[in-house]
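Everything below concerns the one structure shown next.
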Amino acid sequence: MTMISEFPLFLFTTLGGLAAGAYVAAAIFPDVDRKPKRPWLFPLVCLALLGVGLLGVLGHLGRPERFLLAMSNPSSMIAEEAYWSIAFGALMLVDFVLLLRRGASPRAVRVVAAVAAGALMCIMGWAYFTSYGNPAWAAWQTLPLFVLGDLAMGSALWALMREGAYRSDAFAAAFGLLAWKGRLPGAVAPVLAFVCAFAGVAVARYAFYAASVL
């Protein structure tokens, strides 16, 4: 099987979108009732996901100087994705450091990070929606499906990392797959939900990129 030429972009939008969606879910469903043993682990994982995803952007451009050139053009979509990724990453880093050193982080930090994450998800989808030379991408469904896919993956990741989140009635109502929580062992439900959500979105997104070469 030949790897698609857009694989670096697939890596960026999938892993970066996963991190962004997780932070939005964390802001909507805050962890106020529980005190996890390692609260800093969630922002660390999301930072790692975004970092690996950004390596995909460098891989797509080929050479580091091309990235600097793209950054010098604020109107380019790659530059906008990079700007919002940097802003989101910086806020996650603040969240991580506060949780690591103090064991707590102001809710405002996570809310602002979620706003940056939401903007990043929208920019990712908008970049392809405005690719007028590619009919497979320039469709009205592109933007909402990108955002919804990121939210689905991210919600599942937050449920997996926030111990017991899937037991929340509000969370289960918002993320229907978790409604099966009563029929699955507690340790299995969040893992199964994450695997299914991530696999489904990843396959759909890979097909989205593959459509550009058909």
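From the backbone N, Cα and C atoms, a Cβ is placed for every residue, glycine too.
As recorded in TrEMBL:
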- 6-29: transmembrane segment (TRANSMEM)
- 41-62: transmembrane segment (TRANSMEM)
- 82-101: transmembrane segment (TRANSMEM)
- 108-129: transmembrane segment (TRANSMEM)
- 141-161: transmembrane segment (TRANSMEM)
- 187-208: transmembrane segment (TRANSMEM)
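Using a Cβ-Cβ cut-off under 8 Å and counting only residues 6 or more beyond its ends in the same chain, the transmembrane segment (6-29) has close neighbours at 42, 45-47, 49-50, 52-60, 81, 85, 88, 92, 110-111, 113-114, 117-118, 120-121, 124, 146, 149-155, 157-159, 161-162, 165, 168, 170-171, 174, 198, 201-202, 205-206, 209, 212-213. Packing against the transmembrane segment (141-161) from elsewhere in the chain are residues 13-14, 17-26, 29, 41-42, 45, 121-122, 124-126, 128-129, 171, 174-175, 177-178, 190-191, 193-194, 196-198, 200-201, 204-205, 208: each is 6 or more residues past its ends and has a CB under 8 Å from a CB in it. Under 8 Å from some Cβ of the transmembrane segment (108-129) lie the Cβ atoms of residues 13, 16-17, 19-21, 23-24, 26-28, 30, 77-78, 80-81, 84-85, 87-88, 91-92, 94-95, 98, 137-140, 142-147, 150-151, 208, all in the same chain and six or more residues away from its ends.
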